[in-house]
Amino acid sequence: MADNTQRQRESISLTPMAHGLENMGAEFLESMEEGRLPHSHSSLPEGEGGLNKAERKAFSRWRSLQPTVQARSFCREHRQLFGWICKGLLSTACLGFLMVACLLDLQRALALLIITCVVLVFLAYDLLKRLLGSKLRRCVKFQGHSCLSLWLKRGLALAAGVGLILWLSLDTAQRPEQLVSFAGICVFLVLLFAGSKHHRAVSWRAVSWGLGLQFVLGLFVIRTEPGFIAFQWLGDQIQVFLSYTEAGSSFVFGEALVKDVFAFQVLPIIIFFSCVMSVLYYLGLMQWVILKIAWLMQVTMGTSATETLSVAGNIFVSQTEAPLLIRPYLADMTLSEVHVVMTGGYATIAGSLLGAYISFGIDAASLIAASVMAAPCALALSKLVYPEVEESKFRSENGVKLTYGDAQNLLEAASAGAAISVKVVANIAANLIAFLAVLAFVNAALSWLGDMVDIQGLSFQLICSYVLRPVAFLMGVAWEDCPVVAELLGIKFFLNEFVAYQELSQYKQRRLAGAEEWLGDKKQWISVRAEILTTYALCGFANFSSIGIMLGGLTSLVPQRRSDFSQIVLRALITGAFVSLLNACVAGILYVPRGVEVDCVSLLNQTVSSSSFEVYLCCRQVFQSTSSEFSQVALDNCCRFYNHTVCT
C-alpha cells in the first residue's frame, strides 16, 4: 500500500512538470495556430455551450491570447521586411550622425569617416560579387589561344622585370645604399635556392608573384604618400586604442606599478589585445579578412587553399593558433604544404604581441607593414626551399571552411580571449626571466674565458656583432651601425625576438633623448634607417626556442604526423628567418628619409630646456662649424648638454 501511494504521488508530481507553466504558453500558442483547444484534437466549438468548467477556462484564455498569436504570425511572415526596415533606419541614423560630426569638426571625425568608407567598400564588393560575380569572372578570363596566353604572361613578366631595373637605376642614382639592399635580396635568394629540397620542381610563378606582392605592398606603405599616411594613421590609432589598457591594469595593480614595472606595463596589453581579437573572431571579421587575403595570394601564386589560409591567418594570430584554422585538413596535407604552414608561423608575429612591441616605442607602421609583407614572401620562399612534388587534395577552396569558434555570445568570446592570453603572458614572462638569466650567465662565462687570453669584454653580443655583421650590411644598414644591428639579430635568432625588440627600443629612446652617439667605444644609438630596417628584420618568431613550440602545437593536433613535422621543422625555421631578412632588404630599397629639416639657428638661439635628437644634430653642427653662423647663445645651449673641447 505504501508502495502504491508512493507511485501515485510520483505520477501526480510529474504531471505539472510535463504540462506546467514552462510549457503552457507554448502549448497554447501551438494549439491556437492549429485552431483547436489545448489537450484536444478537436476543432474549437462555435459557442461555449456544452463545455465544462475547465474547458471554458481554457477557451477564455485562448481568446485572450489570440491577438498575440496574430501578431506573432504577422511578424513571422514579414520578418525580412522588418529586417530591411531596421537596417535602413540604423543606416540612416549612422549616416546622419556621421554628417553632423563631419560638419562640426572634420579632423575629429576623420577616424569614423574612414571606418565608414571601408565598411561601405566591403559591402559594395560583396553586393557586386553576389550580383555580377560570374559575369565579371568570364569577362576578365583570357579567352584566346593557350599559346597567346603564354606569350602574354611572358611579355608581362618581361615588362615588369625591365620596369623594375629601370626604376632601380633611376631611384638609386641619388641613394646608392639602396643597391646594397638589392644585392642582399639576390644573395639571400641564391642561398635559399642552393638549399632547395627539389631544385627542378620550383614553381617560379609562386616565387615571382610572392616577391612581387611583397614589393608592391612595401612600395605602397613606404614610398607612396597615401600609403605612408594611412599606415602612420593606423599605427597612431592602435597606440591610442592600446592606451586604454592602463585603465584596467591601474585598477588591478596600482598606478605606481604600471608606470614603473615592465611586467605590469606591457603584459596587460597582450591580455587586452587578445580579448579584442577574440571578439573580432566571434563576429566573423577576422575570418572575412583572412579569406580575402588568402584569395588574392591563391589566385596569383597558384598555391593550395589550406596553406594559403594558414599563412594569411598568421598575419593576425600566432604560430600555434594559425594551424587551428585548418585543423581538419592537416592530416592530409603534403609535406610542402606543412612546410608553408611552419614557415608562415616563423615569419610573422602574433597580433597580441604587436601591441606589446608598439608599447615599447617601436614604429607601429613598420610593424604592421612587416606583418602584412611577410605573408606573400613566406609563401614564395617556402615554395623555393621545399617545392611541391606531391598531388595536393586542396587545390580548390571549395570544401575548405573556417570555423567561428565555440563562443555562444559576445561576452563569452571576450572572456575566453582574455583567459587564453593569461597562458601567453605567463609564457612570455617566464621566457624573459629564463633567457635574460641565460644571457647574463653566457656573457659572464665568455668574459671569464676571454680574460684568460687577454680579450677584454668578450660577450655573446660581441660575437654576434662580428659573425652577423655581413648579414646586417646586406640588409642595407650603414657599416657603422652594423655591429649593433648584428647584435640584435643574434639575440633574435638565438634567444627571443621579444628581448631583441626591447633592446632596440632602448637604442631608440637614447636617440630620441639626444644622447651622444658614442660613449667611449660603445655606440649609444643607431640611425633612423637602421632602426626601420631592424624593425622589419626582427618581425618574426624564427628563433631556436620556437622549434619546441611549433612541434608541440602541430603534434597535439595531428599526433600521427610527428615524424613528418620533425623532418622539416628546422628547414622551415631557416626559411622563416630569411623571410624577415628579405622584408628588411625590401624596406632598405624603398626607404627614404622623411620629415622637415630643422632650422638649427632658430632652434639654438632660444632657450632649450631639454635635449633631443634634433638638438644633438644641431649641436654637432655647432661644434664642427668654423663660421660665425651660430651665436654664443647657441654654443651655451649646446655646452649645457654635451661635453666638447669647444666648451672648455
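Heads up, the Cβ atoms here are built off N, Cα and C, so glycines get one too.
For Asn605 (N-linked glycosylation site), applying a Cβ distance below 8 Å and a minimum sequence separation of six or more within one chain yields Ser631, Val633, Ala634. The feature N-linked glycosylation site is assigned by Swiss-Prot to Asn605 (among others), with experimental evidence given as support.
Around Asn643 (N-linked glycosylation site), a 10 Å sphere centred on its CB holds 9 further CB atoms from the protein chains shown. Annotation comment: Swiss-Prot describes Asn643 (among others) as N-linked glycosylation site.
The topological domain 'Cytoplasmic' annotation in Swiss-Prot covers 1-80 (among others) and is backed by experimental evidence.
For 105-109 (among others), the entry in Swiss-Prot reads topological domain 'Extracellular', with the evidence type experimental evidence. On the 0 to 100 pLDDT scale, the topological domain 'Extracellular' (105-109) averages 84 in the predicted structure.
What Swiss-Prot lists as topological domain 'Cytoplasmic' is 129-147 (among others), and the listing cites experimental evidence.
Residues or ranges marked as topological domain 'Extracellular' by Swiss-Prot on the basis of experimental evidence: 168-178 (among others).
The topological domain 'Cytoplasmic' annotation in Swiss-Prot covers 196-201 (among others). Outside the topological domain 'Cytoplasmic' (196-201), and at least 6 residues removed from its termini, the chain residues within Cβ reach (under 8 Å) are 384-389, 571.
The annotation topological domain 'Extracellular' is assigned in Swiss-Prot to 223-261 (among others). If you look at the topological domain 'Extracellular' (223-261), the same-chain residues 6 or more away from its ends with a CB under 8 A from one of its CBs are 111, 114, 268-269, 271-273, 354-355, 358-359, 363-365, 367-369, 590, 592, 594.
Same-chain neighbours of the topological domain 'Cytoplasmic' (284-294): 122, 277, 305, 308-309, 311-313, 315-316, 325, 375, 397, 402, 404, counting only residues six or more beyond its ends whose CB sits under 8 Å from a CB of the stretch. If you look up Swiss-Prot, you'll see 284-294 (among others) marked as topological domain 'Cytoplasmic', on the strength of experimental evidence.
Per Swiss-Prot, topological domain 'Extracellular' is recorded for 319-337 (among others). Same-chain neighbours of the topological domain 'Extracellular' (319-337): 290, 304, 306-307, 309-311, 313, 344-346, 348, 350, 382-383, 386-394, 400, 402-403, 541, 546, 549-550, 552-554, 557-558, 560-561, 564, 567-568, counting only residues six or more beyond its ends whose CB sits under 8 Å from a CB of the stretch.
Counted with DSSP, the topological domain 'Cytoplasmic' (361-366) comes out as 3 helix, 0 strand, 3 coil. According to Swiss-Prot, the topological domain 'Cytoplasmic' annotation covers 361-366 (among others), on the basis of experimental evidence.
The topological domain 'Extracellular' annotation in Swiss-Prot covers 387-423 (among others) and rests on experimental evidence. Break the topological domain 'Extracellular' (387-423) down by DSSP state and the numbers are 14 helix, 0 strand, 23 coil.
Residues or ranges marked as topological domain 'Cytoplasmic' in Swiss-Prot (evidence: experimental evidence): 447-457 (among others).
Sequence annotations record features per position, and here Swiss-Prot assigns topological domain 'Extracellular' to 480-534 (among others) based on experimental evidence.
The topological domain 'Cytoplasmic' annotation in Swiss-Prot covers 559-569 (among others). Across the topological domain 'Cytoplasmic' (559-569), DSSP helix (H, G, I), strand (E, B) and coil residues number 11 helix, 0 strand, 0 coil.
Sequence annotations record features per position, and here Swiss-Prot assigns topological domain 'Extracellular' to 593-648 (among others) based on experimental evidence.
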Practice task
Return one of helix, strand or coil for Asn605 (N-linked glycosylation site), based on DSSP.
Solution key: coil
Practice task
Return yes if the transmembrane segment (424-446) and the transmembrane segment (367-386) have at least 3 CB pairs under 8 Å (sequence gap of 6 or more), otherwise no.
Solution key: no
Practice task
Would you kindly list the residues that approach the topological domain 'Extracellular' (168-178) from elsewhere in its chain, counting only those six or more residues past its ends and only Cβ-Cβ distances under 8 Å?
Solution key: 476, 478, 588-592
Problem - Selected stretch (most C-beta pairs under 8 A with the transmembrane segment (570-592)) from 202-222, 295-318, 367-386, 458-479 - result: 367-386
Exercise for the section: Look over the recorded stretches 110-128, 148-167, 202-222, 367-386, 535-558 and say which has the most C-beta pairs under 8 A to the transmembrane segment (81-104). Expected result: 110-128
Problem - Top Cβ-contact partner of the transmembrane segment (458-479) among 148-167, 179-195, 202-222, 367-386, 535-558 (pairs under 8 Å) - result: 179-195
